[in-house]
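The block underneath contains the structure these notes are about, expressed in structure tokens.
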Amino acid sequence: MTTPADTIRDLQQKNRTLGARNEKLVELLRESRDQMTLLRQDLEQMTNPPSTYGIFLEPAKGKIDDPNGPIGRTGGASKPAQAAEVWTGNRRMRLNVIRSMDVADLKPGTMVRLTDGNLIVEDCGYPDHGDLALVRETLPDRKRVLATDHHGEEFVVKLAGDLQAKVGDTVLIDRKSGHAFEVIPKAEVENLVLEEIPDVEYSDIGGLTRQIAQIHDAVEMPFLHPELFTRYQLRPPKGVLLYGPPGNGKTLIAKAVANSLARKIALNKGHSEEEARRAQSYFLNVKGPELLNKFVGETERQIRLIFDRARDIAENGRPVIVFFDEMDSIFRTRGSGVSSDMENTVVPQLLAELDGVEGLENVIVIGASNREEMIDPAILRPGRLDVKIRIQRPDEQAAKEIFAKYLTQELPYAAAEVERHGSVAAVVEALTESVVERMYRTSPDNEYVRIRYADGSSEMLYFRDFNSGAMIANIVDRAKKHAIKEVISGGADGITEAHLLRAVREEFAQNEDLPNTANPDEWARISGRPTGRVVDVQVVQHDHSSDVLDDGPRDGAGE
């Protein structure tokens, strides 16, 4: 017999079952509704006509017809119809603007989206593609420029929005709508120069104290004391030529000038030492041979672009160094070409930049060359590259100063060396003395080249006659590598005198294989000691088959 309690339990069970079924049904209905919504949206998108695009030119002027009349006739705020001039489909059209947009917010040159009925409904920003053109002239209204394409065809375009373009800028344009949208960085100049803010200081350069003082007088003094130069009616030099054998610091000096100049100008203006250290200068390192171009007029045009860049940077008072490395490869003496006479036009272009009506305020030209005799004399005359500074090969004292930049007390030195000399500072001094003595010996094992002159005399040149700052840096690097390899193989840690002397031996041995004896006249110039015409060169060969035991530590080497 069923009791009332059993009936209630059955009803509760049925209720729970129906509730679960109802929840499943609700979920299915919700999913069906979402799917129907997506299908309806897809159907609407399939039935919507495609949009077209145009370039907004300006708001429409004059009376604007509104076939639908103003909105808000039932008491709301009334908003009049809007129209705009748009370039679309290769023609200029007056089109209505959707009421949710304000035509005043549209900037000339922006791309707009149009409906099938040619109603402006969206601002899409400026186009990011188009043709490139070179600005030749800015028109008086400052809103239009005269530009040319790569074929030389001239045309006038409007500057879109707040775009600012100067003569010489490359701009992105739309020829059909007649607008320029963006200034494109000068890729040609970027490929030719390395624009940087150097971090090299005079203290990083060793063995060139006299040359640094000369370039300070020539370059920094006119910037730091312009009132005195004006008072004495003294014209600052326009440029400096650094010449001499390779690897002796010509590029380092040029970079240090740019850095030092910016810092001292900031101090001169009353800035703090910290602000002066952050002061910016620019060093345009021109990749000389890459200036050369087979097309007529291209090299000259690229020189103009480089000086335009320098003037632009220097406009706000920042010093700019334009550094021409390997200057003899670009600006050779006119008429000296064998298969080309390009120097006949390239040299006058540089002279025009140095002497032209557009001044080189805050711009200093520094040239570097290993073959100064090949540079056109017109460039080197007073009034152009006024100051000529010879960067000589280091003597023994200069070599010690250079070693001090690379053999520092922060490096790890062998415990035996520290015990032998008493302190790390004494080790550095002793190793420097030893390796410099080895490099500058005039003993048979340091003989390098015997040269014979036209008058019958001969001279022996030693390795000391060909030492350079770059060679010293390489010797220290070799010694470090030997010390690392010794640690890896289980030996003692730290740099030793033997590592340095072995590095000297290896550096000299490798240089024996490099000389070219085909042109004897080159040797007097390379050594930096021209004493006559050389007619014969003989490289001295040394036996390096056995280990150099006599290059070990010498008694009193550090005394």
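Placement of Cβ uses the backbone N, Cα and C atoms for every residue, glycine included.
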For TrEMBL, the entry coiled coil belongs, out of 8-46, 242-280, 359-397, to 8-46
DSSP output for Gly249 (ATP binding site) maps to coil
Around the Cβ of Thr251 (ATP binding site), other Cβ atoms found within 10 Å total 18
In chain order, residues whose C-beta lies under 8 angstroms from the C-beta of Asn248 (ATP binding site), counting only those at least six residues away in the same chain, are Leu208, Ile391, Gln392, Arg393, Pro394, Ser468, Gly469, Ala470
Same-chain residues at least 6 positions away from Gly249 (ATP binding site) with a Cβ under 8 Å from its Cβ, in sequence order, are Ile205, Gly207, Leu208, Ile391, Gly469
